[in-house]
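Report on the following structure.
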Ligand code: PEP
């Protein structure tokens, strides 16, 4: 299975800079060894998808609402993301949980909405513990709890379209990548949790790692069992860095 490399551009770029980066992705990321996904902010999605046409680079949104239409000021629907051509959507990113109060219940509603309202978009459920939780030795219990609450009422046949991203909060944007041992243990733990919950379908659910990934650390990470890809933040703003990561065999 090809590794999935998602670039999360966050709110780092304005419109012009987003379009410029999309052009660089198109030039540099055609025909790599991985499934490459660009994640611009919402306002740039429609233009970026047009630029990326023919490059094989797919599109991810950074957010979605759980109702398909209606009076929900400022939100974006599954239907709109589908019309634009998004193939993935990040759900439950720690920055949204922290700054926008996104609760596990909201995360669950969003996951369910994407799984029910479209066949074309995979929800990328982000989970991960804080530094204090890690130091207390409670990382696995914490992540299991997040998975359990985020996936309430998700059926096994629906779960086949899920992607999980393990993103320890202490590694996001800090320059501290999780060690190979941390990643091996947590990804193995997530896989076992998914198997107990969804049976054989668990084997089809890609588990990505995210947190200060650069090309230099990506080789080891991608060689770790149960690492099916990477969610890349800061380094995804450089197409050259994404190219190196996406070409790792
Ligand atoms: C992220 O926030 O999804 C992320 C992985 O960020 P960074 O690579 O910058 O740590």
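Glycine too: its Cβ is placed from the backbone N, Cα and C atoms.
No curator has checked TrEMBL annotations; they are predicted automatically.
Record check: TrEMBL places 8, 9, 10, 212, 233, 234 at the substrate site, and the matching candidate among 31, 173, 188, 199 is 173. Between the binding-site residues 173, 233, 234, 233 has the most other Cβ atoms inside 10 Å of its own Cβ, all protein chains included. The number of other Cβ atoms within 10 Å of the Cβ belonging to residue 10 (substrate binding site), over all protein chains shown, comes to 18.
Around the Cβ of residue 167 (active site, proton acceptor), 26 further Cβ atoms fall within 10 Å across all displayed protein chains.
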